[in-house]
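K.L.:
Take a look at the following structure, please.
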């Protein structure tokens with residue numbers, strides 16, 4: 001019995017770490033994963049050193065850009081497909097249909113390719129050719145359609161639904177109102193944050209588009225902490241959610257726009273609905289603050305972030321300042337800047353958006369594109 005116990009202990013120790021030929025300790029805690037879908041999640045939680053020192057707090061950011069598809073949306077993509085499989089709506093050789101303008105489509109393309117499903121994407125025809133080409137490269141069938149409001153039957157989401165209904169063995173995954181999206185973050189992202197912080201966090205903040213990330217993580221952290229952990233919405237210009245929360249639940253007509261993509265909303269989605277009333281507040285983050293933080297994170301932290309990630313970091317900084325020194329605030333780095341570099345680091349684009357002067361002089365060296 002003793003020898004068996006020792007053997008089990010030694011085996012566990014071997015799994016947890018190994019010596020490399022170069023005397024570097026190499027972790028083997030996770031071992032290999034079985035295919036792309038098992039590589040989704042378990043992303044690092046990074047302490048942003050400069051901002052943490054500046055605020056006297058711990059500002060922690062979850063590196064979702066390290067998912068296989070490059071964004072937090074990989075989690076939702078996997079869960080909406082798994083949900084369709086579990087409910088018998090999707091069988092081998094079937095077709096997944098979604099209306100998406102961005103990262104959810106890329107996540108679905110990776111998941112569907114790995115599982116052997118066909119993927120059809122409807123998106124507004126305002127999207128870049130590069131994004132369309134990437135989805136097609138990943139095996140998706142892409143239909144760019146005129147950009148119209150959600151209440152118009154020709155909206156890209158409604159076209160996606162009708163396309164799925166016209167096929168056998170097909171499912172419209174409906175990322176905005178399919179609560180499997182929220183469940184992905186209740187079952188994965190939330191528990192990961194809780195474990196990575198040892199439960200020692202004071203607040204969480206992030207922006208929202210479908211509502212799944214904010215709602216799912218908020219639900220889990222409030223349940224795990226007995227309501228102690230606060231949660232704040234970070235909202236870009238052009239979204240109605242900040243005013244909805246500040247007014248106590250009054251929806252106004254959406255107006256304005258933002259440089260951010262995939263976040264902001266004109267309605268309360270089914271993913272957000274269960275948890276919007278439990279939020280502790282909201283912050284409206286200007287494009288000027290967002291673009292400056294993109295450049296700051298690159299310069300100070302070596303992090304190459306997309307606009308929604310930078311907006312989240314601004315919000316985390318403001319929440320930390322609100323809570324005071326010694327607080328721990330967690331946010332989400334939704335994706336990197338790789339898909340947006342031709343704009344975010346372009347002098348002409350920044351000038352066209354009136355954002356050139358938002359970049360501090362010492363950071364202008366990163367404006368490397370004409």
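Just so it is clear, glycine is given a Cβ too, placed from its N, Cα and C backbone atoms.
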K.L.:
The pyridoxal 5'-phosphate site in Swiss-Prot lists 209, 210, 211, 212, 213, 308. Which one of 67, 103, 125, 152 belongs there according to the record?
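P.N.:
The record-listed residue among the candidates is 103.
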K.L.:
Using a 10 Å radius around its CB, how many other CB atoms surround residue 210 (pyridoxal 5'-phosphate binding site)?
P.N.:
25
K.L.:
If you measure every Cα to Cα distance among 103, 209, 210, 211, 212, 213, 308, the residues said to bind pyridoxal 5'-phosphate, what is the biggest one in Å?
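P.N.:
Taking every pair of listed residues, the largest Cα separation comes to 15 Å.
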K.L.:
To the nearest whole angstrom, what is the C-alpha distance linking residue 73 (N6-(pyridoxal phosphate)lysine) and residue 210 (pyridoxal 5'-phosphate binding site)?
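P.N.:
With the alpha carbons as reference points, the distance is 10 Å.
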K.L.:
Going by DSSP, is residue 210 (pyridoxal 5'-phosphate binding site) part of a helix, a strand, or coil?
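P.N.:
Coil, per DSSP.
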